[in-house]
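Quick notes on the structure that follows.
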Amino acid sequence: MEQQPIRPTWSRQIEFTLAGIGCAVGLGNVWRFPYLCYRSGGGAFLVPYLLMLVVLGVPLLYMELIVGQYTRRGPVHALANVCPLLKGVGIASVAISFIMCTYYNLVITWALYYLFSSFQSPLPWQNCNNTWNTQNCTSHVTNSSYSSTASQEFFKYKMLQQSGGVDEAGLIRWELFLILLLAWIIIYFCIFKGVKSTGKVVYFTALFPYIILIALLINNVQLPGALAGITFFIVPDWNMLLSVEVWVNAAAQIFNSIGIGFGSLLAMSSYNSFNNNVLKDTLTIAIINSLTSLLAGFVIFSAFGYMSHLQGIPISDLAVDGPGLVFVVYPQAFSNMPVSQLWAVMFFFMLLCLGLDSEFAMVEVMVTSLMDEFYHKLIRFFKRKELFVLAVCGAAAILGIPCVMQVGIYVFQLMDHYTAIVSIIFLAFFEVIAICWCYGVTRLSDNLEEMTGKRANLFFRVCWLIVAPVLVGVILVFSIIQFKPARYEDYVFPPWAQGVGWLIAMGSIIWIPLGAVHTLWVLPGSFIQKLKLSITPGTLDGKSKIAYYERGGRDANTGLAVISSDIHPTEKPPLQAHL
């Protein structure tokens, strides 16, 4: 790897903590978590959710932050050093982050569109007296499948101008396209100076959503019917705990919410000071992430209770999965609240802040990894890092254009299904295997002791060695068994679109086997010798290989290197040799 300049660090350690909170806390806390509670027995879902937080979320987040801070590199080089055989996991995490940032920004675009629309009086989704409304429009929720609410028609016919299916591309929605460009301009100016600019922005974007959530909760609990909604949210249906799907959903929610496998937190922790207390950051990020989900649950379900009271229908008929929860159901609740414009502006500004933090992290993974690998070449071509960041943002904006066409909602749903659901499970499984088993718990504890003076306690070592690999493996197996083709509402994607979805998924997954084949190809010796070398930390670095050869007293020209079992556990692999 090319020699790097001194790696920048966060101006203050609190900036990393806030950036980590902003990365972990996202739109999934506001729509995915409440929906899973609704579908999985209300309060009963909290039992497996909190258990999975303790035995899966916290240990794996701790693991990622240790690796990032110790190696001081992005996911590509960090994984290549700890387990050369699975170096493709690092590349895959960069690929999935880039794929996700191209369509995830669409949600920020929608939030901005609704934010701008919220300054109108009355709110444009408040009644059916608009040019885009159909004859089936109603201002009240009903059980009829032939009618649609004003908020549904605003989302579908006004903002999206949705086509009939994925095979009908339609035209570019120029309003959405311009807002998409605005969203990328905002993101660029927040991250173009690296951690120095991001560290300042997160003071606002990470903290302000909590002010709005608390304000919304105080308002909502005073509304008639709010108590019924909160009761629906927290009272358990214990029979649901007998369902394996509920436990798998709880683990998957912890797993996706914190962002294990995306490489975002690993990349951001690489800018920490070497002796930073990683455990403190881990607990802060994980606990605040889960508390945010609970707070959002109270906010959403208190509003659902109010809507149920107004319309006289069960709460279960109001809950909608995915974007519909925050762009259809909740806006409809606003239209019936006092000072509806104020609450709408606050809510969609909160969504903007939540989305921006997560988008920062995904773009930062791409920038950090490419700068780690090709620093001098990129600087020679772009002259300044700021221009390179502009190129990355520009490329992602261009790739996001299909999402702002009339077919956009189908493109979004297809990409989200095969990226956030399919790909990330594979990535995280192999990341856990690479770090917990191939690199080993002993080495990980050694690294932690070198940085902080303390080794990992027994609880974390057991979780890394046994609990986390088994649980992630179970999630992977059940995800395969219970896999369902992508769909949007009642529309099932045709086979060719499902094929495109698998190509999108393979755009990240394929790097894992390709990386393994390349590692075995370039290492010297017989196949068994290659295999032993491939699970030996640092063997892809020239200096590290020489060090291993010399320790074993073998000739470097023969390719017969010392394997990891020949190295005393307290003798740390030379991961830092090239830094």
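Yeah, the Cβs are placed from backbone N, Cα and C, and that goes for glycine too.
A TrEMBL annotation is a machine prediction, not a hand-curated record.
These come from TrEMBL:
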TRANSMEM  16-34  transmembrane segment
BINDING   GLY22, ALA24, VAL25, ASN29, SER257, ASN289, LEU354, ASP357, SER358  Na(+) binding site
TRANSMEM  46-67  transmembrane segment
TRANSMEM  88-116  transmembrane segment
DISULFID  CYS128-CYS137  disulfide bond
TRANSMEM  176-195  transmembrane segment
TRANSMEM  207-234  transmembrane segment
TRANSMEM  246-271  transmembrane segment
TRANSMEM  283-307  transmembrane segment
TRANSMEM  342-367  transmembrane segment
TRANSMEM  387-412  transmembrane segment
TRANSMEM  418-441  transmembrane segment
TRANSMEM  462-481  transmembrane segment
TRANSMEM  501-523  transmembrane segment
Under 8 angstroms for C-beta pairs, at least 3 of them, ignoring pairs fewer than 6 apart in sequence. Is the transmembrane segment (418-441) in contact with the transmembrane segment (387-412) by that rule?
no
The transmembrane segment (16-34) and the transmembrane segment (342-367) contact flag, 3+ Cβ pairs under 8 angstroms:
yes
Please check if the transmembrane segment (46-67) comes into contact with the transmembrane segment (342-367), where contact means 3 or more CB pairs closer than 8 Å and the residues in each pair are separated by 6 or more positions.
no
Cβ within 8 angstroms of the Cβ centroid of GLY22, ALA24, VAL25, ASN29, SER257, ASN289, LEU354, ASP357, SER358: which residues besides those meet this for the Na(+) site?
ILE21, CYS23, GLY26, GLY28, THR292
C-alpha spacing of CYS128 (disulfide bond) relative to LEU354 (Na(+) binding site), in angstrom
30
Do you know offhand how many angstrom separate SER257 (Na(+) binding site) and CYS137 (disulfide bond) by C-alpha?
36
If I take the alpha carbons of GLY22 (Na(+) binding site) and CYS137 (disulfide bond), what is the distance between them in whole Å?
38
Which whole-number value in Å describes the distance between the Cα atoms of CYS137 (disulfide bond) and VAL25 (Na(+) binding site)?
35
Check for me, if you would, whether the transmembrane segment (207-234) reaches the transmembrane segment (462-481) - at least 3 Cβ pairs under 8 Å, residues 6 or more apart in sequence.
no
Could you check the binding-site residues SER257, SER358 and say which one's CB has the most other CB atoms within 10 Å?
SER358
Students should find that the Cα atoms of SER358 (Na(+) binding site) and CYS128 (disulfide bond) sit apart, in Å rounded to an integer, by 35
Under a criterion of Cβ-Cβ distance under 8 Å and sequence separation of at least 6, what residues of the same chain contact VAL25 (Na(+) binding site)?
ALA206, PRO209, ILE288, ASN289, THR292, LEU354, ASP357
